[in-house]
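For reference, TrEMBL has these:
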- 100-127: transmembrane segment (TRANSMEM)
- 133-153: transmembrane segment (TRANSMEM)
- 181-208: transmembrane segment (TRANSMEM)
- 246-277: transmembrane segment (TRANSMEM)
- 289-310: transmembrane segment (TRANSMEM)
- 338-358: transmembrane segment (TRANSMEM)
- 446-478: transmembrane segment (TRANSMEM)
- 502-699: domain 'STAS' (DOMAIN)
């Protein structure tokens with residue numbers, strides 16, 4: 001092997017090429033090449049094609065709209081059921097106190113947090129595409145809902161009439177009005193999400209870049225923390241919303257600091273310490289614990305017991321939630337007349353909720369090797385919110401903390417609930433470390449983070465989000481242009497590479513794909529870049545790996561069932577039907593027409609009676625493309641997300657035996673990749689070449705060397 005590597009290195013160092021050709025300018029080159037003739041489709045033809053229906057297309061649309069029809073019949077009960085039960089119980093136990101606590105953020109009675117923790121979860125089971133996210137109440141969305149409810153039904157409405165009637169009835173009427181605002185907001189945001197999903201607007205999530213989302217959620221954490229200070233201290237202040245609400249809230253708490261309820265403060269601080277200790281134990285002993293310790297529910301139970309046993313309300317004046325109604329409410333139509341008042345807020349909440357859910361869903365999908373559909377996620381969230389609103393649910397989305405628990409496990413006092421909210425913001429406050437991180441890697445992403453944070457903090461979450469998105473769009477306009485993706489081929493006897501679909505003379509090198517995008521690689525197009533790469537090259541590592549895994553599993557079952565006396569006869573049959581086997585596997589691999597080669601060790605005694613499609617049991621799917629060249633000549637910059645995408649491309653294609661090279665990378669881009677720590681571990685500088693032709697020649701040398709090594713072995 002060492003000799004082969006030395007031989008390969010020697011060939012690379014000594015390989016040269018000499019080209020004799022005239023100096024082509026663009027005009028001369030165009031004059032010598034013939035454009036392919038194309039018959040463009042009319043608008044009517046395109047409409048007719050899109051409206052054409054078949055049983056296969058109808059079935060595909062049905063499975064897309066109701067993913068449960070696809071995965072439920074294939075659910076591996078023995079393999080997944082126990083883990084799902086444990087995970088469900090752990091997440092449910094965590095959902096209960098969080099639902100109660102986040103209802104306070106939404107400015108509605110706590111029981112409505114429980115309603116919002118039930119109906120949407122049930123609906124997402126049928127329509128969602130993620131296997132790991134936990135749908136339900138979330139601090140940021142609850143805070144946005146509460147801001148709208150307080151703006152439409154302010155506390156001043158109650159304070160004006162304090163002397164005119166029973167105070168309890170006044171507060172009950174205020175809460176009832178706020179509930180109607182919250183559920184109508186859920187209906188409207190759900191309809192907006194549903195419409196965006198049906199119109200295939202799932203791509204809008206890519207414009208909520210990571211720095212923007214993190215800056216926004218950090219500001220939201222400050223809003224949430226500030227809103228809970230009055231509960232922690234036991235002081236009476238109004239709730240503020242809109243621009244400068246954080247400053248007004250802090251000023252109000254400070255003005256009433258002398259009326260702090262010491263008992264509330266002691267209870268709150270004790271609960272915070274207990275929750276922090278519990279979370280630290282769960283983090284440190286994550287591998288040893290079968291399930292996380294449910295500290296939230298434990299603290300709620302202890303707080304309830306202490307409150308009842310010591311009579312904290314009468315003895316020390318500690319506010320309590322009070323009685324929580326039993327059972328579920330009958331369906332009720334939200335108040336439609338509120339829609340004009342809350343429409344703009346509903347748009348912001350719909351987009352933020354979708355962004356949170358899709359961000360977490362993508363993280364888990366990438367980790368566990370499956371894909372999620374952004375458009376279907378919009379539809380699922382839209383149905384959860386719109387239908388849930390009829391059952392008194394307020395707007396929901398994915399919860400980061402509960403999703404992590406779900407993925408990893410395979411009368412209550414208001415002080416306690418405030419402590420739960422504050423401790424669950426710990427992860428968001430850690431995002432202040434993003435400032436130093438983005439300062440090192442990208443000043444533009446740092447600017448997006450800071451604008452999102454400052455605008456959301458001072459202007460409120462709704463106007464802050466609008467400002468942040470506008471600023472991010474300005475950076476896109478400033479740095480990019482519309483991308484076009486092409487597969488390049490060589491003009492014979494030259495080192496010039498052009499679009500293979502544009503000119504008849506251009507030919508591709510066997511086993512080599514050259515991909516070009518006339519755009520930079522950054523947060524807004526990294527996903528589309530990878531999708532176009534897979535589509536244009538015809539090589540999708542996920543599909544190949546999935547087919548390979550499927551073949552290996554079936555192969556293992558075949559080996560287990562095989563009868564030793566019949567193996568020789570079967571192997572003789574397999575050796576004579578290899579070509580048919582390859583054709584069967586091609587059809588099996590998601591219609592991507594990926595080439596395969598059969599590798600057989602042993603089979604069962606029923607192979608003689610199997611069709612070519614069934615013979616996929618005994619092959620390992622493989623592509624005939626051995627090298628992929630990314631033409632970076634048009635690339636002007638790469639950000640941290642683009643660098644991660646590039647690393648992911650190199651890693652994924654390496655897993656299926658395809659080497660990835662980068663050609664035409666400019667000096668500034670090279671410097672950016674260096675600052676982003678791109679060149680480390682398996683990614684080295686010898687993957688980059690000055691020109692496409694240099695990379696092509698190297699691909700041929702490596703392929704010839706690999707073939708020679710295989711022959712020697």
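A Cβ is built for glycine as well, from the same backbone N, Cα and C atoms used for every other residue.
Contact count against the transmembrane segment (181-208) (Cβ pairs under 8 Å) is highest for 338-358, out of 246-277, 338-358, 446-478.
Taken as a whole, the domain 'STAS' (502-699) shows an average pLDDT of 74 in this prediction.
Counting Cβ pairs under 8 Å to the transmembrane segment (338-358), the stretch among 246-277, 289-310, 446-478 with the most such contacts is 446-478.
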